[in-house]
Each structure stands twice: as structure tokens, then as C-alpha cells.
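**Q** The following block contains the structure, expressed as C-alpha cells.
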């Protein structure tokens, strides 16, 4: 009896990369390959890499090296793969190198070095494909690439311009996820609010209904499933205003992930980002008037070339007034190929780090203050896991997996992962909440 070929898989990077990995893993299983849990049990290994910032490049190169040392047969894909010379200069013995979102190229390389079985068992693959997330939540990628040319970013050079998935394809996948018991769908892309721009918002059909390829209509359709729908990577276009009433009405979660990046008009122009913080503050105020429960997550870059102390103080003033719920802050790091590398007046490393500390200290006060308001409230939570001490590790609508805070319920008797419960909040920290089941 012929041995079933086995493929090891290492997935690095962001949720978009994880979605690419899921597509490749689904194809591998559909063609009869087994997924090996360890290097020594695999006939070859696929490494899906990240290449966005220097630390990610280093992590990816280390992962490739480890796979080569442990197994010897490695196919590289993902964003670092778009810089093929970088991979081969360090690891010339890899079998093949492809870029991101390259399922067909990866499968071709796998076929070349590990021919597929003659009798694949397609029925071994669930309708929702192979998922890297827990069973109760899933990422739903609606597009690939980006039309923006932010000076600190090289995503368009790695993933190309915006290419929206057909609306019927996205909705069919969402329907399969909901039927399979997924309780939370996280909508991802490089620019979720640009969905359909490249197709001129082409009209599609789902279950006999006409549906426009556009973020608002997508949200309306996803809201029909009665599960959590969370929007990530939203660029602050004017039509984002249209989804706030959907959040107020409970069709999708009142949660917006909008990477504002900075508040100084000068710095934003250097970044080639929208440059009107007063307008942003006015919109945030309006959104909260329409939907008081709205939670806003954002990310910011400090120490960008040309950022002065005055620019940084303007940023601090912005976050104090905006009172965002969840915030990440990064010091600027040059990325090979980014046009920001050519900008004058780089900020010294010690100044970058000092500004990051000051920024996070201000935001910690804001986060703690906003979380204190939750004490005494009853929230619906989704259980991610029960830890070894019997505590339920949960999330509310305000918490995206892996990046936001958590809700802990210490007496988790009868609670199960992947289920919803009502919890009264009794305590908080700067980032997390503690509750008791109701």
C-alpha cells in the first residue's frame, strides 16, 4: 500500500496570511495530502512568510532555516516570497519560492516535489475548508491587494492592487461558515472599505437576490446570519458612515478597526494618508452619537521621518480627545522598498522609544477609564477557552481575538468554548475585564 504523502506547514504573519494558508491547506487536503504535525513526519514543508517589517523578515528567514535543518525540503510562499532573491540569498537550497496569495503556484511546486496521491478523498475536507482558527470564529477575506500608496508600506508591491472577491463567492463562504457553527466572522482585507471599488461596485447575486459588491451591502447580508460580524482594516472613507446604523441596529458588531496612523497633518501627508484630524474627530463624535456602544480600535506610528515634538504633541492631543478604546503603537521602522526611507530628518531611535512610552502611558489611562465604565454592566461574551485553572477566557463584542483585551470568568462551571454567555462585569484593569456569569 502506497504511503500517503504528508506536508508540514508553518504559517506566519497577519490574518490575511492566515487566510492564504487556509486556502493552501484546504487544497492539500482536497487532493489527498495529509498535514503533518511535525517536521520529522513530513515529506516536505511549506512556510508561509511575512515580509512587512524587518523583524518579520528575520522571523521568516529563521523559520525557513529551522524547517531546512529539521526537514530539508522546503517550499516558501507569502510576502517575503515576493522578494525571492532575499530568500535564496540566505537559503539557496529551498525547493521553490512564490509570492503571497499564490495557491496555484504553491500546489504546482508541491506536485513537482511530492506528487499527489492517485485516489484523493475529497470528502475528508469539510465544507468550510481547513481552518487555522478555533472552530467558533473564522477570518473572511474579501479582497486582495491595495490601491493606496502609503509611503511606509510595501503591501502593493507584494500583493498587488486591489482585487475584490465576487460578492456571491464571499457570501457563499460566509453562509458555509455560519452553517458549520462558526459564531464570529472577522472580515479582513488590506482595505475593507474599498471593497468593490475595482469592480465599480458590480452587481452580483446571492440566493436569488441582487447584491452590490460594496462594503455596506456586504455587511447587510452578513448580518442576516445572526452571528458576530467584526470589521477589520477599515480606511476612513465617507461611506464608512453608512455601516454605523447597521451596528446600532445589531446587524454587525459595533466595532471598527481603523488604522489612523497619526494626527499631525504634516506627518500624514508625508505618509500619504488622509490628513484632516479635525474631520476625523467630528466623525468619531457623530458615530458615537448614532451608536453609543461603538468600540474603535486603531494603530499609530511614532517616530516617522520628519516627526517633530510639536507633531507628536498633536498626536497626543488627538488621542486624548478621541478616547479610542483599543490602540496599538509602533515606532517607525524602515522597510526595504518603502518610499519613506528616502524622507529626510529621521528620528533618533531613543527619541522614537521615548515617544512610544509616552504615547502608551496616555492611552493606558484612557483605556482604563473606558473599561471602568463597563463595571456593573452585563455583557454577552464568547468563550475562547477554559484554562488549566478552570477560568473561562472570553471576549465581548469589544474584543477581537489575539489583539484586544479579554474577559475572565473565574468560576466557569458549565461554560463551554465556542458558546455565548451573559456575564456581569465586576472588575477591570487597563486592558482586561473580570466578570461573573448571570
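Note: Cβ is positioned from N, Cα and C throughout, glycine not excepted.
From Swiss-Prot, for reference:
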BINDING   14, 50, 79  [4Fe-4S] cluster 1 binding site
BINDING   146, 150, 153  [4Fe-4S] cluster 2 binding site
DOMAIN    5-115  domain 'MTTase N-terminal'
DOMAIN    132-369  domain 'Radical SAM core'
DOMAIN    372-438  domain 'TRAM'
**Q** These are the binding-site residues: 14, 79, 146, 153. Which one scores highest on other Cβ atoms within 10 Å?
**A** 79
**Q** Within a 10 Å radius of its Cβ, which of these binding-site residues (50, 150) has the fewest neighbouring Cβ atoms?
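**A** Among the binding-site residues 50, 150, the lowest count of other Cβ atoms within 10 Å belongs to 150.
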**Q** Need the DSSP three-state call for residue 153 ([4Fe-4S] cluster 2 binding site) to compare against my parser.
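**A** Looking at the DSSP assignment, residue 153 ([4Fe-4S] cluster 2 binding site) belongs to neither helix nor strand, so coil.
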**Q** Distance between residue 153 ([4Fe-4S] cluster 2 binding site) and residue 50 ([4Fe-4S] cluster 1 binding site) at the Cα atoms, whole Å?
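**A** Cα of residue 153 ([4Fe-4S] cluster 2 binding site) to Cα of residue 50 ([4Fe-4S] cluster 1 binding site) measures 13 Å after rounding.
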**Q** Mind tallying the domain 'MTTase N-terminal' (5-115) by DSSP state, helix then strand then coil?
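**A** For the domain 'MTTase N-terminal' (5-115), the helix, strand and coil counts are 55 helix, 22 strand, 34 coil.
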**Q** To the nearest whole angstrom, state the Cα distance for the pair residue 146 ([4Fe-4S] cluster 2 binding site) and residue 79 ([4Fe-4S] cluster 1 binding site).
**A** 14
**Q** Summarise the model confidence on the domain 'TRAM' (372-438) as a single mean pLDDT, whole number.
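**A** Residues in the domain 'TRAM' (372-438) carry a mean pLDDT of 94 in this prediction.
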**Q** Where does residue 146 ([4Fe-4S] cluster 2 binding site) sit in DSSP terms: helix, strand, or coil?
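**A** The three-state answer is coil.
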**Q** DSSP-wise, what's the residue breakdown of the domain 'TRAM' (372-438) into helix, strand and coil?
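**A** So the domain 'TRAM' (372-438) is made up of 1 helix, 30 strand, 36 coil.
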**Q** With an 8 Å cut-off on Cβ distance to the 14, 50, 79 Cβ center, who else from the chain surrounds the [4Fe-4S] cluster 1 site?
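**A** These residues sit around the [4Fe-4S] cluster 1 site: 12, 13, 16, 17, 49, 51, 52, 56, 78, 80, 100.
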**Q** Which residues, same chain and not among 146, 150, 153, have a CB within 8 angstroms of the centroid of the CB atoms at the recorded [4Fe-4S] cluster 2 site?
**A** 148, 149, 152, 154, 155, 156, 190
